[in-house]
């Protein structure tokens with residue numbers, strides 16, 4: 001006879017194979033809510049043993065051990081144990097929180113067949129606590145069917161209505177049982193703990209937060225919630241000093257420091273620090289979305305995502321930032337937002353030393369060093385570092401864009417993109433640089449901008465040694481060496497290195513220009529082009545060269561300019577060996593060898609090697625003359641014509657340093673140098 005230790009001292013569970021009557025002095029009880037849909041043919045919802053006086057045994061039923069499923073992740077893997085001394089140090093609210101978390105984890109594992117239907121634990125409760133697990137349905141021996149589990153807690157003093165008499169005559173041959181034998185179990189008189197449990201069934205939430213009005217079904221839940229407002233955090237990490245609301249949260253956090261990831265996905269090999277993360281991750285592969293919104297029918301793979309989504313319908317933003325007054329739907333969003341004001345970056349990469357404000361950002365960053373891309377699209381085979389990238393990519397195949405802007409009607413793949421887009425209309429820029437005061441509509445843009453001040457370039461090309469501030473820039477740069485152009489235009493067949501370039505190119509076919517300058521009325525394909533154009537009117541030049549002090553309106557122009565000082569020319573033509581400072585110059589040069597002229601004028605059919613040449617040419621058709629000689633009022637189609645005017649003005653801007661002789665053009669200056677070297 002196999003035995004296993006459980007909660008109380010001296011307790012053993014034994015599989016007897018058939019139902020036996022309980023010992024004298026013990027009665028079987030059940031929660032009234034669980035019994036509302038009683039049916040003998042399908043089993044009963046569950047019951048607990050009520051110790052009225054000391055005796056030798058109590059009867060509790062359990063699933064047949066022969067049908068247990070061997071799981072990849074067991075409850076023991078995700079359980080957290082306390083010693084008797086540690087348990088006595090916890091206050092009642094902390095004990096409630098601990099038990100709630102343990103039962104929720106166990107229920108999740110059982111529902112996914114990752115845990116067998118029996119529960120084992122150590123003696124972690126005091127004499128005034130009783131621990132009990134209820135099975136929502138029971139296994140019938142003649143069908144050998146493993147069914148689900150429902151967990152609940154009855155603690156201290158409780159009493160339920162007897163159902164044992166109603167079971168007589170319907171027991172024999174249907175169920176396998178377990179007997180709990182024990183030395184002593186304390187008795188209870190007064191009913192207290194059943195009422196909180198019944199609130200689960202009737203959805204009563206009588207505990208209301210005075211700060212934000214949120215309602216909770218249990219007092220312990222309210223205590224836990226109120227800590228988000230009071231910032232009461234007693235559990236401190238010795239590694240980094242960060243504080244947490246509970247010991248469980250601290251234990252979860254400490255795995256960031258240890259790097260421990262014992263849970264591995266069989267589908268893609270990805271590892272996780274916690275079993276619950278593995279369970280959630282596996283839904284990406286299976287496509288399971290068990291949480292559905294009753295308001296709009298949208299389904300989610302995680303209950304947390306459903307909770308977040310439902311706030312979109314209610315519009316409640318109960319978490320407010322004390323620094324700037326901005327309100328959020330969720331406490332986690334507020335916590336992340338507050339880091340913008342404090343500038344705290346506790347998550348540091350051991351590989352390159354880069355620090356991050358959020359743990360998930362560090363996890364994402366580390367994949368740049370490993371190059372691991374476990375998420376592969378089954379349609380086109382493209383692989384991604386993160387699951388959310390795969391999810392967003394798959395929308396390109398379906399073409400689904402459910403999020404529409406009410407202002408201009410533009411549709412988006414995901415809600416976050418819509419939120420970012422709406423800031424173009426509202427002009428909201430919540431992310432401000434403390435260094436120069438410049439504000440941005442996206443936190444990502446602020447992070448990129450700050451690297452201009454620090455000069456940090458941690459991402460280096462192994463091919464030519466060029467360094468970049470951002471990993472995405474390195475990825476794009478490496479395509480110059482590999483020649484990879486995976487993004488193809490379906491309209492004309494032209495290929496591009498990045499999806500961003502393809503998107504901008506496609507506008508040439510549609511002719512759409514939704515972004516208009518309020519100053520001069522000129523329209524643009526994308527918002528960034530409008531921002532850059534507006535600097536012509538304002539005269540703003542935020543990008544300054546530290547070498548010579550020259551300022552530029554675009555960061556790209558500053559990068560190009562700095563190569564004049566360094567003399568760096570990493571881009572070399574394979575055909576003739578000529579080197580260039582910029583990749584775009586190499587691309588233009590290569591067209592000399594291929595004679596490619598992909599830019600065609602729709603007015604006369606003439607083709608050009610670059611878009612710039614086409615733009616200049618089109619001015620002949622439109623008659624547009626942007627460049628004016630202020631002295632004479634004469635206008636020109638292109639800026640190079642202004643250089644001609646130097647012959648009339650006697651302007652000689654290029655001077656030879658050796659003798660001081662001045663020249664109209666740089667070519668004359670170079671000829672002078674060659675002559676001196678010959679002499």
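Keep in mind that glycine also has a Cβ here, set from the backbone N, Cα and C atoms.
According to Swiss-Prot, the protein carries these features:
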type	residues	note
CROSSLNK	280	SUMO2 cross-link
CROSSLNK	476	SUMO2 cross-link
CROSSLNK	588	SUMO2 cross-link
DOMAIN	73-152	domain 'KRAB'
ZN_FING	205-227	zinc finger
ZN_FING	233-255	zinc finger
ZN_FING	261-283	zinc finger
ZN_FING	289-311	zinc finger
ZN_FING	317-339	zinc finger
ZN_FING	345-367	zinc finger
ZN_FING	373-395	zinc finger
ZN_FING	401-423	zinc finger
ZN_FING	429-451	zinc finger
ZN_FING	457-479	zinc finger
ZN_FING	485-507	zinc finger
ZN_FING	541-563	zinc finger
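Cα to Cα, residue 280 (SUMO2 cross-link) and residue 476 (SUMO2 cross-link) are separated by 32 Å. In this chain, the zinc finger (373-395) lies apart from the zinc finger (317-339): fewer than three C-beta pairs between them fall below 8 angstroms, excluding pairs fewer than 6 positions apart. Cα to Cα, residue 588 (SUMO2 cross-link) and residue 476 (SUMO2 cross-link) are separated by 18 Å. Sequence-distant neighbours of residue 476 (SUMO2 cross-link): residues of the same chain at least 6 apart with a C-beta under 8 Å from its C-beta are 497, 498. Same-chain residues lying 6 or more positions outside the zinc finger (233-255) and placing a CB less than 8 Å from one of its CB atoms are 80, 94, 97-98, 101, 224, 227, 261, 273-274, 346. Long-range neighbours of the zinc finger (317-339) within the same chain, counting only residues 6 or more positions beyond its ends whose Cβ lies under 8 Å from a Cβ of the stretch, are 212-214, 228, 308, 311, 345, 357-358, 430. Neighbour count (other Cβ atoms within 10 Å of the Cβ, all protein chains): 18 for residue 280 (SUMO2 cross-link). Each residue in the zinc finger (457-479) has a pLDDT score, and their mean in this model is 82. Its own atom aside, the Cβ of residue 588 (SUMO2 cross-link) has 16 Cβ atoms within 10 angstroms in the protein chains shown.
In the three-state DSSP classification, residue 476 (SUMO2 cross-link) falls within a helix.
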